[in-house]
Amino acid sequence: MADNSTDAEPTDLEKKIIRQIEYYFGNSNLRRDRFLQLQIREDNGWIPMETMLKFNRLSQLSKDADVIVNSLKKSKSGLMEVSEDKQKIRRSPDNPLPEENASNMLELKARTVYCKGFPLDATIDKIQTFFDQYGDTEAIFMRRDKERNFKGSVFATYKTKADAQKFMAVESMKYEDKEMVCYFKSDYYKMKSEERKTQKEQSKKDKKEKKQQIEDEAVEANTEYQEFERGLVMYFTGACDQTSREDLKEVLGDYGVISWIEFNKGETEGSIRFESGTNVKEIIEKVLGDHNDKLEIRGSALTMRVLEGEEEDQHWKQVFENRTRGRMKKQQGRRKKKDRRPNKFTKYEGQRKKFKDSDDEGDAGGGGDGKTEEEKPKSEGKRPLADTEAGEERSAKQIKAE
């Protein structure tokens, strides 16, 4: 039977040791710590003290196994057990990891807050003291960039939802007289999701506008603005949403040969270009004369006039540019079709290998090492040289955000 209790109150050092070990074996860290997961499978969950002393943060607090064991025996949480020979520790089987389901994840998020605005040289101990003013924390993750530099923001998980709410209830949260930005974790994720969505849409819009600008410049550079015959374009307004090009052609085609109708169903205005030599002004007069000065199409009266001056110049400029645009697209289509033809000298061998992209930032400074799956060492049980502190997140599986 494991000896695991004492009534004595822990000293400040013992409290730090208890906190650090309970962080290692706590819900937040244990489910993501591959090294510990492998170790606890080997001996019914027991971890030798000589292994625990390889954890950098713990060994900085004490390198004496007896000090660590005696500290754990003063813990009131019931999370850890000490073996009878005091040579091993483990997470209590009576306190298993909660199942990773939607309900538990929501409950965890409800106890977790995001806080930004810490000095970049802030230590985990100072940050811990700051959050402990409002309740006991389960874990604190100092978020880091690719170079492992602290970003000034933290995820802190309180042991109870009430303590997290108590923290968030503070109207003006400050750290060393500096105003902090704080959210519940779920609200923070929603905000960053909306930001990424907006950025993605803006990026898509910018690319589209840039592409259009390049196309317009190319069209303008390749367009020959020719002389044109004036007085051939009729401009009209007042069309109903059911009016079609066919309706316009059926009524006005009897008065002159129509070359082009610039109009789409649902629009209220448009233009009609007639064949060279046509006097559009006379056509309008004839149409109005034949329809008692009021041409109606599908019950809607049209107002007609001849395009003149700058409006007419702009119309023909657009005509010439549209012709150039169509010609350029046709040429591009031919080139693409040609590029798709198989090359008899091209030889395909083997199968394409798809490599996974490593996360390029990570929530707290974790992340991929830039190697492909084949390049990574096979041994998964080796403890990283830079040990994780209680309060430093090693996983890079969460969202990328500032």
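Numbering starts at 1 and runs along the chain as it is shown here.
Backbone N, Cα and C atoms are what each Cβ position is placed from, and that goes for glycine too.
What you see is a predicted model, and the numbers here were worked out from it, not measured in a lab.
Sequence annotations record features per position, and here TrEMBL assigns compositional bias 'Basic and acidic residues' to 83-93, 195-214, 314-324, 370-402. Positions annotated as compositional bias 'Basic residues' by TrEMBL: 325-344. Look at TrEMBL and you will find 7-99 tagged as domain 'HTH La-type RNA-binding'. Taken from TrEMBL, the feature domain 'RRM' applies to 111-187. If you look up TrEMBL, you'll see 227-352 marked as domain 'XRRM'. Here TrEMBL flags 80-101, 195-218, 309-402 as region 'Disordered'.
Each residue of the compositional bias 'Basic and acidic residues' (195-214) gets a DSSP state, and the totals for helix, strand and coil are 20 helix, 0 strand, 0 coil.
For the compositional bias 'Basic and acidic residues' (83-93), same-chain residues at least 6 beyond its ends with a Cβ under 8 Å from one of its own Cβ atoms are 1-3, 21, 25, 30, 40, 43-49, 52, 65-66, 69, 72. Per DSSP, the compositional bias 'Basic and acidic residues' (83-93) is made up of 0 helix, 4 strand, 7 coil.
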